[in-house]
Amino acid sequence: MAAVSLRLGDLVWGKLGRYPPWPGKIVNPPKDLKKPRGKKCFFVKFFGTEDHAWIKVEQLKPYHLHKEEMIKINKGKRFQQAVDAVEEFLRKTKGKDQASSHNSSEEKNRRNSSEERGKQSAREEKRKASLSEGKLKKGTGEGKKRVSSVSSERGSKSPLKRAQDQSPRKRGRPPKDEKDLTIPESSTVKRVMTGTVAGFKWPPSVSEPVKDSDPHFHHFLLSQTEKPAVCYQAITKKLKVCEEETGSTSIQAADSTAVNGSITPTDKKIGFLGLGLMGSGIVSNLLKMGHTVTVWNRTAEKCDLFIQEGARLGRTPAEVVSTCDITFACVSDPKAAKDLVLGPSGVLQGIRPGKCYVDMSTVDADTVTELAQVIVSRGGRFLEAPVSGNQQLSNDGMLVILAAGDRGLYEDCSSCFQAMGKTSFFLGEVGNAAKMMLIVNMVQGSFMATIAEGLTLAQVTGQSQQTLLDILNQGQLASIFLDQKCQNILQGNFKPDFYLKYIQKDLRLAIALGDSVNHPTPMAAAANEVYKRAKALDQSDNDMSAVYRAYIH
C-alpha cells in the first residue's frame, strides 16, 4: 500500500500505546510543548476524550479510509460518541462550505449588476452630451452663448460626476451599501490549516462538543516539556479556542489510562477476591465495562449484589483462580494477603502454569515478595498493583494504580486497569510498588493528622474552624482531600471512606520501611502515635478524619 501523506488539519485514527485506535485531528501544539526526538510524529487532538498527544506517523491512519474497519473493532459507548462527533463536525463543515459558495455567487452577481449599472449611466451621460452639442450648433448667437454657458457649466460638473459614479465600478468595487463583509483567507493560511489525505480535504476547524464528556479525564502529561508550569499556562491559553469548538475543558495524561467509556474489554476471564470498600467499586466498574468476572468474598452475602449485575460466584479462592485467566485480590493487610494465598483452598492451590495473580492489597515489600515467589514457583505469573484512592474514587473508576512485577501481565491487565483507574504506573521489580504505596499513604496520613491538629488549635484559640478551611481552600494547600476531610470534621460525619485502622497500619509499615534502610521518619512516627490514640478511643472503623477526636479527648 502506498504511503499516505498527512498534514496539519487532517482527520485521522490515532493509536496510542496499548489503547485502541481513536478518531482525532492533527493540530498545532503549544509553542512550549517540545516535540519528541526520533521518528516523525504529529500532535493529535482526539475527539471526545480530551486527549492531546504526540503520535508517531506509523500509528496514524486516514479517517475515511479506515472508518469501517475501526468501527467494527471498537464498540464502546464513548468511542461511538467520538465517531458521532466527527460525523457531525463533517456535516456542519460541509454546510458552511456550501453556504460560503452560495454567498460568493450572490456577491459576484451583485458586483456584475453594479458594473452594468455604471456602464449604462456612462452611456446615458454621453448621449445627453451629444444632444447638447447638436442644439448648440443649430441655435442663434444669443442662444449659442446662453446654451454654451449652460453647456459649459454642465460640462464642468459632468466629468466629475461621471468620475464619482464610474471609477469604483470600473475597478469592480460594490457600492458602500453593498460592502463585502467576507474576510478572504490567505492562501498561506489555507495551505497550513488544511490538507489532503486520500482525496479528502479537511476543513480547518475542530470538532463539535461531545455530549456527556467525562469530567474526570482531565490532566496533562507535563513530562514532555522542560518547563511544566510555563507549558501548562501556554497550552491552557491555546486551548481556550478549542474549548469553544470542541467542549474540551482540559487535557488528559496521554500515556496513562484512556477514557473509561472507550474500553475494549479483554476476552480473558477475570477473577476477583475481596469485596471491601475498594474491591466493591473495582468489581462494579469491571462489570460495567463488559468484563467477565467471577467473585469471591469471605462474607458470601457481599457477592449477591454483583451476581445480580452479571458476575459469577466462586466458592473458594482456589476455584476462582483455577477457572479464571487473571485473578485480582484486594484485602486489608499482610496477614489477610498471606492467608488468602497460603491458607486452605487458597490461591496457591488453584495456580497452574500460565495462571495470573494480581495482588492489589497495600502490604509491605517483604510480604509481596514472598507471595510472588510462591506463585511463580508453581508456574504462575505475578503482579503487585496496590491502588491509591478511597471508596469514592474506587466507585468512580478513578484510582491510581501502582504496579510492579511481570511486565507482560501488566500489559494484559490493560483494559482492567482502564476500567478501575484513571492512570497506572509500572515501577519495575516486585516490591517497588509496595514501597511506593506505603510512602504515598505515609504522606497522606501525616497530612490528615496535621489538618486535625490545625482545626483543634483554631478551636481552642477562639478562631473559626470554617474560616480556617476557607483560607486553606484559597491557598496553595487547596485540594479535594483537604476540603472533604475538613468537612467531615466540621459536620461530625466520620463514615468511612478510608478506614482509620488501615491508614495507621500503613504508617506503621512505612516507619518499618524507614527503619530497614536506617532512614528517620519522625513526622510519620508522631502521626502514628496520634492514630494509635484514636484507635484506643474506638475510632478504628471510622474514616481516617476521625483522628480529630484524638485531639479533643
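First residue shown is number 1, and so on along the chain.
A Cβ is built for glycine as well, from the same backbone N, Cα and C atoms used for every other residue.
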| request: Select from 38-41, 214-217, 254-257 the stretch of residues annotated by Swiss-Prot as region 'Interaction with histone H3'. | output: 214-217
| Since the record lists Ser280, Thr362 as binding-site residues, which of them has the fewest other Cβ atoms within 10 Å of its Cβ? | Ser280
| note | Min neighbour Cβ count (10 Å) across binding-site residues Gly271, Gly274 flags Gly274
| message | Can you work out the mean pLDDT of the predicted model over the region 'Dehydrogenase domain' (261-553)? | response | 96
| remark: Neighbour count check, CB within 10 A, over binding-site residues Leu277, Val283; minimum at Leu277
